[in-house]
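Peer 1: What follows is a single structure, and I will ask about it in a moment.
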Amino acid sequence: MKFLSFKYNDKTSYGVKVKREDAVWDLTQVFADFAEGDFHPKTLLAGLQQNHTLDFQEQVRKAVVAAEDSGKAEDYKISFNDIEFLPPVTPPNNVIAFGRNYKDHANELNHEVEKLYVFTKAASSLTGDNATIPNHKDITDQLDYEGELGIVIGKSGEKIPKALALDYVYGYTIINDITDRKAQSEQDQAFLSKSLTGGCPMGPYIVTKDELPLPENVNIVTKVNNEIRQDGNTGEMILKIDELIEEISKYVALHPGDIIATGTPAGVGAGMQPPKFLQPGDEVKVTIDNIGTLTTYIAK
């Protein structure tokens, strides 16, 4: 399944992509009319949080089938053209990010590969697919992109052993880790440079792990104005998905809806000669095989 959160007619909702259509089943409405018992999560985060007692996907499947068979299926579908995509997990939980997890990317920025580099991104930085974000020209002329695979956590745990780590994964999404390279180079921490308003585009969907079991050999391509800038593969990650979860959970308790950004391949603007930073009016597309394409526009 492909889950998403969205705004329609000024109301926030969530849903699951309609198969073979650019449309979403509005699960707020579907559950209101076809839920079994009192199962009626109001947000995707609430659904994930209840997944430990009920099979969330099975509840979704049953409710959608009932809507399809009702004779009024179209009443529960909304075209992608009519919605505003929100970050898939809404309201947002923690976003924990790994830097320097691709050797070639670390090398292009002259960073040490051996040292673990972890940071968080502010919840206020999150935005969805097709968003226009500020150009931040008032504070920087070094706005950069980083296309990344995101892991969506599906159940709570800490000190999770590598052998069990994948049991805690609910699915995967796409992240563009927008970065102010000027602030990053001037400061001893990454939080501010990584938490600009609009600095964490995410989506368009969460693809559940039954559809994408282990994306450790999928292509990540980032284009700026249709020019390929990053052309990498998750097989290049230094720490794999199970190792990332094991490492983070040694220190931080993970909960449903938490997102782990797994690092970016080579090809960022700061690594080019001369550097090629984002400019007002730019279009940035991050595509990951079997998930989709995340599009972001830089305000003029």
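Positions of Cβ are set from backbone N, Cα and C atoms, glycine also.
The shown structure was predicted, so the numbers you read here are calculated from the model rather than taken from an experiment.
Per Swiss-Prot, the feature divalent metal cation binding site maps to E146, E148, D177.
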Peer 1: Determine which residues of the same chain, besides E146, E148, D177, have their CB within 8 A of the center of the CB atoms at the recorded divalent metal cation site, and list them by sequence.
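Peer 2: Nearby residues not in the site list: A97, Y145, G147, I175, N176, I178, T179, A261, G263, T264.
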Peer 1: Within 10 angstroms of the C-beta of D177 (divalent metal cation binding site), what count of other C-beta atoms is obtained when all protein chains are considered?
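Peer 2: Total other Cβ atoms inside 10 Å, all chains included: 27.
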Peer 1: Compile a sequence-ordered list of residues in the same chain as E148 (divalent metal cation binding site), six or more apart from it, whose Cβ lies below 8 A from its Cβ; state 'none' when nothing qualifies.
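Peer 2: Listed in sequence order, they are A97, I174, I175, N176, D177, I220, A261, T262, G263, T264, V286.
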Peer 1: Compile a sequence-ordered list of residues in the same chain as E146 (divalent metal cation binding site), six or more apart from it, whose Cβ lies below 8 A from its Cβ; state 'none' when nothing qualifies.
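Peer 2: When sequence neighbours closer than 6 are ignored, E146 (divalent metal cation binding site) has N176, D177, I178, T179, T222, T264, V268 within Cβ distance under 8 Å.
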